[in-house]
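Chemist: According to TrEMBL, the protein carries these features:
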type	residues	note
DOMAIN	18-136	domain 'Arf-GAP'
REGION	130-235	region 'Disordered'
COMPBIAS	138-164	compositional bias 'Basic and acidic residues'
COMPBIAS	209-235	compositional bias 'Polar residues'
Amino acid sequence: MTTRSEREKAQKLNEQHQAILSKLLREEDNKYCADCEAKGPRWASWNLGVFMCIRCAGIHRNLGVHISRVKSVNLDQWTPEQIQSMVDMGNTRARQLYEAHLPENFRRPQTDQAVEVFIRDKYERKKYYNKEASATAQKEREKKKEKDGDKVERHNNSKAEYRGSPKNGTESAVDLLGLDAPEGGEKGSGGAAPIGDELDIFGPMVSNPLPSSNNTQQAQGAITASCYSEDNSWE
């Protein structure tokens, strides 16, 4: 079950798609059916990228979805992919591709049967198809794909550099405080004392131990005997 926010988002997206389709239909070639040139087409084949009338839309449905995928301009929901296909093609480019080898004196069919034959020749059998233009369009799509891939790669590299920058800043701060460890070549230079020696603040006290209690008692006994002998000499 969709939530209210999801429905509102879908509604907003559909309105955007309708605005794009309306703008496309205002283009001169899109004001007429791509096949029979009837005025005011309200249907489209999104994979072929053409706008058409309701009669030709029925014939396109009979071709099968492997050839033509029909949608109503106003009644159906459109996806971004389908909209992009219509933007990229349109009736003008479609005619350059599917009617490239159409005879100069060719007259558009008007009866239902003749229209169906023409549509099948045009899209199913590709009787008037421009193969060179198709190859060029394929190269342009591949080039655009590579260009978009380069943009994505540069974007990812920028993100990676941004993520790595705090670490470099931390290392710089450590260097400023002088907390970075000395390199291997500086250990034997004799310039700075090892950290262990600098922190050995109790070294002198340990190197000069206090006299033991036995030695103290012997010294006190010697002083007492000396004083006693001096007293006897005065007597």
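Using N, Cα and C of the backbone, Cβ positions are placed for all residues, glycine too.
Because the structure is a prediction, the values reported are computed rather than measured.
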Chemist: For the domain 'Arf-GAP' (18-136), give the DSSP counts of helix residues, strand residues and coil residues.
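Modeler: Its residues divide into 58 helix, 11 strand, 50 coil.
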Chemist: For the domain 'Arf-GAP' (18-136), what is the mean per-residue pLDDT, to the nearest integer?
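Modeler: That region's mean pLDDT is 96.
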